[in-house]
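Q: Residues or ranges marked as Zn(2+) binding site in Swiss-Prot: Cys13, Cys16, Cys35, Cys38. Swiss-Prot lists Pro117, Thr118, Gly119, Ser120, Gly121, Lys122, Thr123, Leu124 with the feature ATP binding site, giving sequence analysis as the kind of evidence. Residues or ranges marked as domain 'ClpX-type ZB' in Swiss-Prot (evidence: sequence analysis): 1-54.
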Amino acid sequence: MAKYNDEKNQLKCSFCGKTQDQVKKLVAGPGVYICDECIELCNEIIEEELNEDLGMEIGDIPKPKEIRAILDQYVIGQDEAKKALAVAVYNHYKRINLGMKIDDVELQKSNIVMLGPTGSGKTLLASTLAKVLNVPFAIADATSLTEAGYVGEDVENILLKLIQAADYDVEKAEKGIVYIDEIDKIARKSENPSITRDVSGEGVQQALLKILEGTVASVPPQGGRKHPHQEFIQLDTTNILFIVGGAFDGIDKIIQNRIGKKVMGFGAEIKKKSEQNIGETLRELLPADLLKFGLIPEFVGRLPVMVKLDALDEEALVRILTEPKNALVKQYEKLLELDGVALEFKEEALKAIAEEAIRRNTGARGLRAIVEEIMQNVMYDLPSRNDVTKCVVTKDVILKKEEPLLVTIDKSKKNKKEESA
């Protein structure tokens, strides 16, 4: 039954007993009342229970083929990279769920290094993996890191981003994925150890070693530098999957030089280095090539899985524009649909956009900038017009910088006509 305050004859919350004057809202039901504070408490309890149910059991881990199928929905091409990532991720979480030890055999963690040109899908692959597995995910930029005691970010700040992504749930963060981009930028300046201190190169590699391998790290909850009088969050990195990626510009020449020494001999087929594309060359990658590039042996040793990504050609870029679940063309179609306008990209226009991205050497990452340039004026004008039914993008919009064609309707005569935006 509804509760009343006997003294003031006021309605009261049936759960906590507070009067309507003591709370912001009082929601009435059949013979019962509940205040906004109790509703909020109920939501928190339900959310906690749902979060507890998110832990993956061995049967819940997607199989490699299932992981690959989901990656296919978001990432075009890169078939070999997807296979390698699917297997590595499946084995990683299988190892966690089985307790890292089976019949006295200790299963070691397999962190991943991804090599591929700018805009080839490294970050997208890593973030999609985290989405598939429903685990916290954090991205860090290796170029902002320095070793402890110097201006820049400590490596522990990477772990803070993961904790924040897990809403400060440490147990959840300890099963997350961290992607460190631009890892090639912290290569030391030469293959040989230097007597001068390299605080943003070799020093960072040294600082990353422990968290890559597995340690209990002390993470400052507010970020920034550590100092003795602050409290720390203790985070065990043993089960965190680290994926590092970079373009590694110039590593193809290191590989070609190594291969070139071995093709000289009786009956050997001599192939000019220039005849091999970078994708073919990267397939010959060995850990020794990463050492030659400037990564230290201990760092390379903690990245046993090497995944190579190819540069995207015109056909792949066109497919990226139209096929994935979150394809750019689909996004802009939906944006214009909200203004009551249909959007059409001609096939030649899609090819011209892909060619422009290749010319700019930006890969898939540069596609959005090109499409945004094309659509900016249209998206500025359309909300103020109610006579446009369709927008058509032709190749001349990209090649000759013309405006997209707008199909308008003369409401008095109900006739359609085309005009430039």
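All residue numbers here begin at 1 and follow the chain in the order shown.
Each residue, glycine too, has its Cβ placed from N, Cα and C.
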Q: Note down the number of other Cβ atoms within 10 Å of the Cβ of Gly119 (ATP binding site), including every protein chain shown.
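A: The answer is 24.
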Q: Please give the average pLDDT for the domain 'ClpX-type ZB' (1-54) in this predicted model.
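A: On average, pLDDT over the domain 'ClpX-type ZB' (1-54) sits at 78.
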Q: For Gly121 (ATP binding site), which of the three DSSP-derived states applies: helix, strand, or coil?
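A: Coil, per DSSP.
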Q: Which of the binding-site residues Cys13, Cys16, Cys38 has its Cα nearest to the Cα of Pro117 (ATP binding site)?
A: Cys38
Q: Between the Cα atoms of Cys35 (Zn(2+) binding site) and Leu124 (ATP binding site), find the distance and write it as a whole number of Å.
A: 44
Q: Counting every protein chain present, what is the number of Cβ atoms, excluding its own, within 10 Å of the Cβ of Cys16 (Zn(2+) binding site)?
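A: So the number of other Cβ atoms within 10 Å of Cys16 (Zn(2+) binding site) is 13.
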Q: Select the closest residue to Cys16 (Zn(2+) binding site) from the following binding-site residues, measuring between CA atoms: Thr118, Gly119, Lys122, Leu124.
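A: With Cα distances computed to Cys16 (Zn(2+) binding site), the winner among Thr118, Gly119, Lys122, Leu124 is Leu124.
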Q: Pick out which of the binding-site residues Thr118, Ser120, Thr123 has the most other Cβ atoms within 10 Å of its own Cβ.
A: Ser120
Q: Let me make sure I understand the structure: which of the binding-site residues listed (Cys35, Leu124) has the fewest other Cβ atoms within 10 A of its Cβ?
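A: The binding-site residues Cys35, Leu124 were compared, and Leu124 has the fewest Cβ atoms within 10 Å.
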Q: Around the Cβ of Cys13 (Zn(2+) binding site), how many other Cβ atoms lie within 10 Å? Please give the count over every shown protein chain.
A: 22
Q: Starting from the Cβ centroid of Pro117, Thr118, Gly119, Ser120, Gly121, Lys122, Thr123, Leu124, which together make up the recorded ATP site, report each further residue of the same chain whose Cβ lies within 8 Å of that point, ordered by sequence.
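A: Other same-chain residues with Cβ inside the cutoff are Gly116, Gly245, Leu309, Gly363, Ala364, Arg365.
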Q: What are the sequence-distant neighbours of Lys122 (ATP binding site), meaning same chain, six or more residues apart, C-beta distance under 8 angstroms?
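A: Listed in sequence order, they are Met114, Gly116, Tyr179, Asp181, Gly245, Leu309.
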